[in-house]
Amino acid sequence: MSVKEHLIHNVHKEEHGHAHNKITVVGVGAVGMACAISILMKDLADELALVDVVEDKLRGEMLDLQHGSLFLRTPKIVSGKDYSVTANSKLVIITAGARQQEGESRLNLVQRNVNIFKFIIPNVVKHSPDCKLLVVSNPVDIWTYVAWKISGFPKHRVIGSGCNLDSARFRYLMGERLGIHSLSCHGWIVGEHGDSSVPVWSGVNVAGVSLKALHPELGTDADKEHWKEVHKQVVDSAYEVIKLKGYTSWAIGLSVADLAETVMKNLRRVHPISTMVKGMYGIKDDVFLSVPCVLGYHGITDVVMMTLKSEEEEKLRKSADTLWGIQKELQF
């Protein structure tokens, strides 16, 4: 008899069924691994699968996490180049994509990434036909559209991480100004993730007290307190971090884990995330932009219709036109 047979008396023969709360992360770069560790620390999955094309790095990352299993509550961490390892995932997080090369046009980069997504998405769909797709790769609004087109999934199951992080950065910076924790500072950034995002100043509040009511110039050029700078800092923050450390990872990883928690626990929290906005705010094309969405186990179930000023709506439409200009040139 083996040590195991001497030690353990079997009472019930378990059938090896599949995991009930499986999450997959596609891409084990800095962002993918920040997502992975943030999800593991929140105990959101009973199985975590990692996928990448770089096999040595992939296996190394898996082993490194497995060796920390004692300190985690996720019993199974697996990896593989073959997408069969992702089978029966409830949530699949896409962080993979090509980086822009020197002198390369944005459209050329976008087209190269379309070709990568044409490999990733069908493989994900084949092995997890009922999953929710959470797209993180940038430019996230375009990739969410591409993932939706290629997957054939209904729009509520294809989600972009969108402005969830922009809004978190905004609330952090607002809290720094006021000396209050960011959880108690409320403000929404919507629209395109990144440079042309739209801060909704009318909704900025602490304990239900509107800052705009206290200070009508809030967010305008006439504002002597320069609150507009807070939004500029949000837009510039990723560039600053990239300049200093070469990439962003921790904040986006934490933001993605926040979204994953809402999905896996069916919390029905409202997040500023990228969804199909055709028919909203006068937008006529198939584009994905961030608006406040009710998120849960089935994906995005509802959109909260914000009361936007005419110039805010105009900014959203302008972003939509820019995105559509790129999207309509893509070859699927």
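Even glycines carry a Cβ here, placed using N, Cα and C.
These figures come from a predicted structure and were not determined experimentally.
Swiss-Prot lists H193 with the feature active site, proton acceptor, giving similarity to another entry as the kind of evidence. A coil conformation is recorded for H193 (active site, proton acceptor) in the three-state DSSP classification, outside any helix or strand. The Cβ neighbour count for H193 (active site, proton acceptor), using a 10 Å radius and every protein chain shown, is 29.
The annotation NAD(+) binding site is assigned in Swiss-Prot to 29-57, R99, N138. DSSP classifies V53 (NAD(+) binding site) as coil under the three-state reduction.
Per Swiss-Prot, substrate binding site is recorded for R106, N138, R169, T248. Here R169 (substrate binding site) comes close to Q233, V234, S237, A251: these same-chain residues lie at least six apart in sequence, with C-beta atoms under 8 angstroms from its C-beta. In this structure, R169 (substrate binding site) is part of a helix by DSSP.
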T248 (substrate binding site) and M33 (NAD(+) binding site), Cα-Cα, nearest whole angstrom:
12
Out of M33, I37, V53, which of these binding-site residues shows the lowest number of other CB atoms within 10 Å of its CB?
V53
K57 (NAD(+) binding site) and T248 (substrate binding site), compared by Cα position, are separated in whole Å by 19
What kind of secondary structure is I37 (NAD(+) binding site) part of, going by DSSP in three states?
helix
In whole Å, how far does the CA atom of T248 (substrate binding site) lie from that of M41 (NAD(+) binding site)?
19
Expressed in Å to no decimal places, the gap between the Cα atoms of N138 (substrate binding site) and M41 (NAD(+) binding site) is 25
How long is the line from the C-alpha of A45 (NAD(+) binding site) to the C-alpha of H193 (active site, proton acceptor), rounded to the nearest angstrom?
27
